Amino acid sequence: MPRPVLLIHGGAGDIPHSRIAGKFKGIKEALRCAWGSLVPASGEGQGSALDAVEAAVRSMELDENFNAGYGSCLNTDGQVEMEASLMEGRDLRAGCVTLLRDVMHPITVARRVMEKQRHTFIGGEAAQELALATGSERLPANALVTEGARHTLQQFQEQLAQGKDPFFARTELAAEQKTDPSGETVGAVALDLDGQIAVATSTGGITGKWPGRIGDTPILGSGTYADNARGGVSTTGHGETIMRYNLAQRILAAIEHKGVSAQAAADQECRAMTQRLGGTGGAIVVGPAGDLGISFTSQRMAWGYIQDETIFYGIEGQAVHQEPLALGT
């Protein structure tokens with residue numbers, strides 16, 4: 001019987017030092033929020049990988065320290081357009097949504113697509129109508145827009161006016177201006193006692209994107225993939241790069257065909273992607289036996305997981321922090 005595993009990320013990019021504390025706080029809150037869905041208290045039923053990844057991502061969608069839900073970055077019109085995907089590894093069912101506006105929790109809308117609809121991927125007005133018809137509340141206009149997102153868009157526009165190439169401006173912006181990288185994403189991968197793997201990924205995209213732009217997050221095999229026989233992957237970083245490289249699927253192919261560990265596969269494919277295409281990113285991976293992979297070519301990537309009643313978390317290099325899962329112990 002496999003040991004339950006929950007591994008999450010809070011985005012990869014040129015995350016400034018001033019944002020690290022907020023990332024760590026949000027990562028730990030999301031892990032604690034979701035762990036009970038994966039490992040319920042005695043007598044409270046069986047844990048679910050699908051419930052756990054949704055709960056972890058929902059927590060981060062509420063936190064402005066992450067580029068998903070509240071705190072999402074803005075397009076050139078100053079609007080939030082969100083996307084998400086969720087997948088389970090037994091029957092390869094999935095739900096993907098894109099171009100959602102003024103609703104909370106895109107990841108839950110993605111789950112409704114997977115469980116209640118005959119299609120896998122829905123976007124734009126149809127996704128909006130589905131969200132509202134299946135229980136999502138229509139928020140007031142711009143309710144998801146933060147001052148930080150407005151400031152980052154303004155700086156992006158100023159750099160664009162100076163003639164700087166916008167293709168990788170999201171990472172350059174943070175390094176030069178001490179703002180959030182705005183190319184981040186949040187994601188979670190879980191393995192439960194039944195051997196079921198589930199993955200969830202959610203994002204607000206990249207600052208200064210054209211209205212209607214779709215990134216890697218809702219694309220199966222790029223931003224998200226789950227297969228009980230091979231593992232689960234959630235990616236983050238520069239979306240145009242990740243979708244062109246098909247990062248999630250390449251990592252799982254390395255596990256399956258090269259026989260390497262989740263960590264080796266993640267390291268190999270993240271490096272190869274950046275070497276070939278120039279864009280940076282990262283991935284979290286859970287192998288079919290529960291081994292973990294955490295890798296990124298960006299300056300930093302926020303991540304965390306729970307093992308032996310302990311939260312392990314980090315954001316740069318090989319540095320690993322830890323604290324008890326139960327506060328006060």
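In case you wondered, yes, glycine gets a Cβ from its N, Cα and C as well.
Heads up, TrEMBL stuff is auto-annotated, nobody curated it.
As written in TrEMBL, here are the features:
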ACT_SITE  T185  active site, nucleophile
BINDING   R213, I214, G215, D216, T236, G237, H238, G239  substrate binding site
Sort out the sequence-distant neighbours of T236 (substrate binding site) for me: same chain, 6+ apart, CB within less than 8 Å of its CB, listed by position. H9, G11, A12, E184, T185, V186, G187, T201, T203, G281, G282, A283, F296, M301
Out of R213, H238, give me whichever of these binding-site residues has the highest number of other Cβ atoms within 10 Å. H238
Compute all pairwise C-alpha distances among R213, I214, G215, D216, T236, G237, H238, G239, the residues listed as binding substrate, and give the largest one in whole angstrom. 16
Between the recorded positions T185, I214, D216, G237, G239, where is the Cβ count within 10 Å the lowest? I214
